[in-house]
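Features as listed in TrEMBL:
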type	residues	note
SIGNAL	1-22	signal peptide
DISULFID	Cys29-Cys44	disulfide bond
DOMAIN	58-208	domain 'Cupin type-1'
BINDING	Asn103, His108, Glu113	oxalate binding site
BINDING	His106, His108, Glu113, His154	Mn(2+) binding site
Amino acid sequence: MANPLFFLTVLALSHSLVLATAITIQDFCVADSKEKVLVNGLACKDPKLVEVNDFFFSGLHIAGNTTNPVGSKVTPVFATQLPGLNTLDISMARIDYAPWGTNPPHTHPRATEVLTVLQGTLEVGFVTSNPENLHFRKVLQVGDVFVFPTGLIHYQRNVGNANAVAIAALSSQNPGVITIGNAVFGSTPDIDSNVLVTAFHLDKTTVNYLQSKF
């Protein structure tokens, strides 16, 4: 029989290697948008070419244009907008909402989100994974903070008659976003309508109509 100590040693070493991949081994890795090398993330700019503006972003004081079908606008500050965020596992965004505007149900596959309301009143919520699909919902006022766990479908809606503003902090320099309606009904190429008919218990005419809207 194999020595249990051997397996424990291998397990410990494997765990150490996994942790090592998340440990920063240099002061920073400013994103180099011109680098053509494909990596899991953005390649590092030569440290000798890094300048102070690589760590600076200006513009979150500017309200986003909410004149669109959903009545909201996200202004991201990710590694693509602020190169100094690259590899730091953090980013943020400003979200503007027109009266009764919605940030539609979506997920961030690579990040937890912490939302802080700066102006207005927001209804927020998220849904847990199968099979429970529990819906956690809360109405937030100015100064309130709410967290959306990684990967779960969530949304926000302005429930007031005036504009609303929130700031989102995310635990990735590139959190990603999958808007559910766009992904399901607006994919390229389309998901076969027969699949969606079965999945959503809808008739084909309704599915075709929904696909036309996205």
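Keep in mind that glycine also has a Cβ here, set from the backbone N, Cα and C atoms.
Automatic, uncurated: that is what TrEMBL annotation is.
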List, in sequence order, the same-chain residues at least six positions removed whose CB sits under 8 Å from that of Asn103 (oxalate binding site)?
Val70, Ser72, Val74, Ile95, Tyr97, Tyr155, Gln156, Arg157
Same chain, not part of Asn103, His108, Glu113: whose C-beta falls within 8 angstroms of the C-beta centre of the oxalate site? Give them in sequence order.
Ala93, His106, Thr107, Ala111, Leu115, Phe148, His154, Ala168, Leu170, Pro175, Val177
Could you round the CA separation between Cys29 (disulfide bond) and His108 (oxalate binding site) to a whole angstrom and send it over?
23
Near the Cβ of His108 (oxalate binding site), how many other Cβ atoms are there if near means within 10 Å?
22
Identify all same-chain residues not among His106, His108, Glu113, His154 whose C-beta atom falls within 8 angstroms of the centroid of the Mn(2+) site's C-beta atoms; report them in sequence order.
Thr107, Ala111, Phe126, Phe148, Leu152, Ile153, Pro175, Val177
If you average pLDDT over the domain 'Cupin type-1' (58-208), what do you get?
97
